[in-house]
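Asker: Dropping the structure in here first, questions after.
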């Protein structure tokens, strides 16, 4: 097995810079693709289906990551994936057809998404345990800054013609150049995984994998459904739009501090504390609607506490797995996140339609309540197993 100590030291600043540049290209693609489809006269449901293509690509491609890490040089995978993404970008204006764009978004989302999965594996495997959560928090912060920057700059340069396309291609190319300057690469895998994806749920990975599945299910709530909830609750549209920005701001401001706390006091303890906060906030939001400023502050805290689920659960995997086991765990992690991302909008939409508009608060609170119940059950069973071992006399 190859361990991180036998590779070049992890260059977190360069990895984070490359990730931010690529994330900016992804953030720019949201407004460009969706608004372009709208100008083509595509229906809202078809635009929503197009937007689900990246998650579908992650779902199909992520389980192949352990095999690819064994078969190919891990660092050599990055330029190939970026080439796929850049080619897809350049084809958007050349092939202005809604059906073709579904395939192009699948390729673009799949290529960029797998780059991020490789970077996450790289950071996870290369970080010492006492700084792992902080390092993942730094990565998550730069990723969120990149997404926000791309989404903000695109309307300023326009969403028609070649300018936004060239900007996205240049950002992705710049990310590739930064990756090229990095020494070493993700630790290669020399041996087959010690267990399959199903076996992970019977071991230490159960809690972090459940956590990222629930985060994937939750993620659509503040970013896509919360503005609808706010308007239906009587808030003006510009305040409803600011809810998304406040949630992102919470993720950016709190990811690194929460990571530092997790490294110091324990990842499970901090994760459970974040889940408690994320569970309480849906009960406070209806009252916070009376004051838009209080609502935005509430959304900021919600974004930071709930957003920590991705960072902390990702960091938890490397506490229990190394080498091929970590690659398999990371692949399961990405797959479950994709499943949650696909199903979350449907879950929250149905909940809001059933109990308009408070169904959104019910569905989000239920996710964190489920996590806390499983966490409590796992803690009780683990203590019971320890007590059994201590009271069972060893055979002579």
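All residue numbers here begin at 1 and follow the chain in the order shown.
Positions of Cβ are set from backbone N, Cα and C atoms, glycine also.
Feature annotation from TrEMBL assigns domain 'Major facilitator superfamily (MFS) profile' to 1-383. The transmembrane segment annotation in TrEMBL covers 51-69, 76-95, 101-124, 136-158, 164-182, 203-224, 239-261, 268-288, 294-312, 324-347, 359-377.
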Asker: Looking at the domain 'Major facilitator superfamily (MFS) profile' (1-383) alone, can you tell me the average pLDDT?
Answerer: 87
Asker: Under 8 angstroms for C-beta pairs, at least 3 of them, ignoring pairs fewer than 6 apart in sequence. Is the transmembrane segment (164-182) in contact with the transmembrane segment (76-95) by that rule?
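Answerer: Between the transmembrane segment (164-182) and the transmembrane segment (76-95), contact is present.
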Asker: Count, for each of 203-224, 294-312, 324-347, the Cβ pairs lying under 8 Å from the transmembrane segment (101-124), and report the range with the highest count.
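Answerer: Between the stretches 203-224, 294-312, 324-347, 324-347 has the largest tally.
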